[in-house]
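Colleague: This structure is in structure tokens; I'll ask about it shortly.
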Amino acid sequence: NHTTPLTTGEKEKGEEQSQENGRLMLADGGVAEKGDPKVNSGGGSGGVSNGYPTSTAPSPKEGAGGVPAGALRTLVVQQTSLDQPRETWSKKMDFLLSVIGYAVDLGNVWRFPYICYQNGGGAFLLPYMLMAVFGGVPLFYMELALGQFHRSGCISIWKHICPIFKGIGFAICIIALYIAFYYNTIMAWALYYLLASFRPTLPWTTCSNPWNTVNCLRYLSTDSNVTWTNTSTSPAEEFYTRQVLQVHLSPGLHQLGSVSWQLALCLLFIFTIVYFSIWKGVKTSGKVVWVTATFPYLVLLVLLVRGATLPGAWRGVVFYLKPDWGKLLSTTVWIDAAAQIFFSLGPGFGVLLAFASYNPFHNNCYKDALLTSSVNCLTSFLSGFVIFTVLGYMAEMRKIGVETVAKDAGPSLLFIIYAEAIANMPAATFFAIIFFLMIIMLGLDSTFAGLEGVITAMLDEFPQLLSRRREWFVLGLVCVCYLGALSTLTYGGAFVVKLFEEYATGPAVITVVFLEVIAVSWFYGTSRFCADVHMMLGFSPGLFWRVCWVAICPIFLLFIIVSFLAFPPEVKLFDYVYPPWTTVLGYCIGVSSFICVPAYMVYHLLTAKGTFKQRLLKGITPVPSGPHSDIIITHAV
């Protein structure tokens with residue numbers, strides 16, 4: 001029997017033929033039904049792999065179907081499963097844009113520039129590149145290859161890798177839910193700003209609004225008679241904290257206050273867009289990303305050109321890139337570099353597995369991995385210029401140092417400082433509209449991706465229950481995410497967002513990916529994994545990749561985990577310092593997702609049959625997988 005993997009054309013034919021399950025295709029055009037006399041059931045040569053007997057040579061007298069007597073007759077078996085054929089991307093570009101849209105998110109715009117200048121400017125690019133080459137990209141490549149080979153989401157894939165680790169899949173789904181609880185709220189804030197931008201004067205430029213306090217000061221170099229003191233606040237800051245978030249109405253996490261109805265409506269709108277983008281699967285979301293993944297680049301370029309022409313822009317750029325080589329001796333720089341590249345590329349959220357599982361089997365995922373991760377790192381670098389040219393301009397206008405302007409990280413960098421800079425430019429309304437649209441788009445495709453990871457995982461794990469009810473399942477999931485996000489829409493919601501961001505996702509995801517790498521490279525085996533890649537791509541990963549998967553990636557991840565536990569982040573937001581009990585709460589949220597991994601191991605060992613040793617062996621022995629549904633068996637007699 002000679003088995004050949006199908007080309008795409010044959011595969012489509014195969015999908016048409018799968019309607020004719022239970023038939024044998026004879027190469028001379030005849031079709032043999034089960035039990036058909038054409039197929040000699042006594043064939044001494046044994047059965048063809050899916051339970052059909054093989055045919056024996058026709059007798060010289062027969063010459064069936066116009067085939068000359070004595071000629072070879074080929075029996076082609078299209079071996080198909082009774083499952084529905086897996087849906088695929090309409091175009092290769094849909095896949096690439098989805099992956100880029102997922103990897104390039106809000107973190108590239110606010111977290112990277114801030115971390116870069118904090119950790120020695122240009123000098124930071126060295127640890128960043130090293131961490132990318134030895135840690136981030138190998139993990140990215142591994143996850144794309146796994147998803148494409150096994151064609152399944154992050155839960156059901158484990159039976160083909162190492163069944164006892166299946167809890168990892170459930171943990172990933174819970175983490176993805178936690179992210180959906182807080183991540184979309186940031187887009188709701190941006191939507192609020194976007195709606196507020198459709199006015200001739202932007203509401204965060206003046207101090208005469210109902211929400212302003214006596215400390216509010218419009219301070220620019222043109223206002224020579226105004227003195228800026230330490231208690232002064234800018235109108236943009238008051239708009240963000242007192243009008244959008246209304247944080248002044250909540251004393252802290254112990255008393256969040258009621259839900260802000262404006263933000264609740266904004267979030268409802270965001271989730272409606274999300275639902276109608278992903279309800280039909282990658283066929284619809286693959287089209288939406290053509291807008292959401294490309295539009296941000298257009299805006300970044302416009303803002304870059306605009307920023308570069310502002311007075312004082314060069315001060316910001318110098319501040320961003322001026323290398324401070326002494327910083328490289330401190331461990332925090334390396335920890336930050338590792339964490340930044342890891343969260344930026346986003347392996348371990350089940351998304352890359354899900355996206356790659358819809359690829360054709362022989363797609364070159366190696367090139368894809370290199371291309372998309374390079375685009376992602378370059379985007380981070382580019383957005384640094386977009387942010388810092390504007391910070392330099394603000395410093396110039398206020399006659400202060402760039403470091404005093406750039407003291408805020410995170411959302412307030414975009415919503416206070418950048419918003420204020422835009423308000424002081426000519427054509428402020430136009431720039432405000434495209435800037436907040438960009439933030440919403442950057443967030444949207446990451447949300448599509450995160451939820452698609454969960455949906456694919458669940459549909460592959462429970463196909464009988466869910467595959468025909470995808471739209472209802474997605475609706476339920478989106479409703480759960482909306483209800484979970486209500487706590488972030490309260491007056492103290494910003495505190496909740498920060499808590500989730502620091503504790504719920506970071507450490508848990510890194511630990512999960514650490515276990516994933518161990519399971520693949522040590523239990524499943526690098527040689528077996530490389531053989532899988534060879535079967536798909538026609539070449540094996542080189543020595544560099546093998547060493548990274550076996551040793552360097554696990555060390556890289558362990559380094560981040562240990563550093564997080566050794567130096568837990570001191571969390572504060574505005575003037576609120578998080579009390580110690582919130583740290584405990586944060587760790588509980590983090591552990592609640594991770595607990596799935598040991599829990600499933602115990603469950604697996606208890607429910608399996610046999611002695612303890614047999615159960616353990618069964619737990620680490622993969623069920624073979626691969627392109628079995630795409631094999632043509634030709635048997636010439």
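If you go along the chain as it appears here, the first residue is 1 and each next one adds 1.
Cβ coordinates come from backbone N, Cα and C, glycine included.
Heads up, TrEMBL stuff is auto-annotated, nobody curated it.
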Colleague: With Cys207 as one half of a disulfide in TrEMBL, pick the other half from Cys173, Cys216.
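Modeller: Cross-referencing TrEMBL, the cysteine bonded to Cys207 turns out to be Cys216.
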Colleague: So which residues does the transmembrane segment (95-113) touch in its own chain, when a touch means Cβ under 8 Å and the partner is 6 or more beyond its ends?
Modeller: 89, 186, 282, 285-286, 289-290, 292-294, 296, 320, 340, 343-346, 351-352, 355-356, 358-359, 363, 368, 371-373, 375-376, 379-381, 383-384, 386-388, 409-411, 413-414, 439, 442-443, 445-446, 448-450
Colleague: Under 8 Å, at least three CB pairs between the transmembrane segment (415-442) and the transmembrane segment (167-195) (pairs 6 or more apart)?
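Modeller: Result for the transmembrane segment (415-442) with the transmembrane segment (167-195) is yes.
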Colleague: Where among the recorded positions Val104, Cys207, Cys216, Leu442 do you find the Cβ with the fewest other Cβ atoms within 10 Å?
Modeller: Cys207
Colleague: Residue list, the transmembrane segment (584-606) vs rest of chain: Cβ under 8 Å, 6 or more residues beyond ends.
Modeller: 163-168, 170-171, 174-175, 178, 253, 499-500, 502-508, 511-512, 515, 571, 612, 615-616, 619
Colleague: CB neighbours of Ser446 (Na(+) binding site) within 10 A?
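Modeller: Counting Cβ neighbours of Ser446 (Na(+) binding site) within 10 Å gives 25.
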Colleague: Please name which of the binding-site residues listed here, Gly101, Val104, Leu442, Ser446, is nearest in space to Cys216 (disulfide bond), Cα against Cα.
Modeller: Leu442
Colleague: Against the transmembrane segment (125-146), which of these stretches has the most C-beta pairs under 8 Å: 288-314, 472-497, 503-523?
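Modeller: Between the candidates 288-314, 472-497, 503-523, the best contact partner of the transmembrane segment (125-146) is 503-523.
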